[in-house]
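*Asks:* There's a structure below that I have some questions on.
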Amino acid sequence: MFASDTPQYYGTVSRVLHWLMAVLFAFMLFTAAAWTYNEEYLSLMAYHKSVGFVLMVLVVLRLVWALWQRGKRPRSHVGAHIGHGVLYVLMLAVPAVALLHQYGAAGQDLEVFGVQVMTAAPERIQWMTKLGGWHGELAWALFALAGGHILFAVIHQIRGEKLINRMAGPRSDVSPAPSDASKTADK
């Protein structure tokens, strides 16, 4: 099992967290864009909140894993470190302000896939709802930064640096399993 990162490649845990979060962020972008341009899609709000909560948990897990793997991971340039740092700040800030808004709005408990995880405040808390109003702006900034992340990864790949292989490509440090034919030939 190649769960841990190496100086050449990200391990299985990092890869699964990265790509699972990428898919979930794409869903979040779709739902936000859908109801921004067509209010008929507001029915997606419950799923948006549930997936957002799951993403918040995954971000914390990914951050803990990244810190644990810090000395083992592939090296990055200073610009990449700064970009990833801002991504993590936004990935934490976006759901945090959403939770503040949800709590401070009063009367709306937070349910995640039908399970209540947070009770709303008994009365409206103005500063929380005002701060929560930044959720959308921060989220759009996060999506723009994620787009830049993708763009820079592609640019580096085109330049021949093969950075995408670190997160998506086959690991050359993994020996292929012997085929059945070679097992019988050894006998």
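Glycine too: its Cβ is placed from the backbone N, Cα and C atoms.
Just so you know, TrEMBL annotations are computer predictions that nobody has curated.
So TrEMBL lists these for the protein:
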| type | residues | note |
| --- | --- | --- |
| DOMAIN | 10-168 | domain 'Cytochrome b561 bacterial/Ni-hydrogenase' |
| TRANSMEM | 16-38 | transmembrane segment |
| TRANSMEM | 50-68 | transmembrane segment |
| TRANSMEM | 80-100 | transmembrane segment |
| TRANSMEM | 138-158 | transmembrane segment |
*Asks:* Do at least three C-beta pairs under 8 angstroms join the transmembrane segment (138-158) to the transmembrane segment (16-38), pairs 6 or more apart in sequence?
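*Replies:* Between the transmembrane segment (16-38) and the transmembrane segment (138-158), which are separate recorded stretches, there is contact, as judged by 3 or more close Cβ pairs.
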*Asks:* On average, what pLDDT score does this prediction assign to the domain 'Cytochrome b561 bacterial/Ni-hydrogenase' (10-168)?
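*Replies:* Computed over the domain 'Cytochrome b561 bacterial/Ni-hydrogenase' (10-168), the mean pLDDT is 92 on the 0 to 100 scale.
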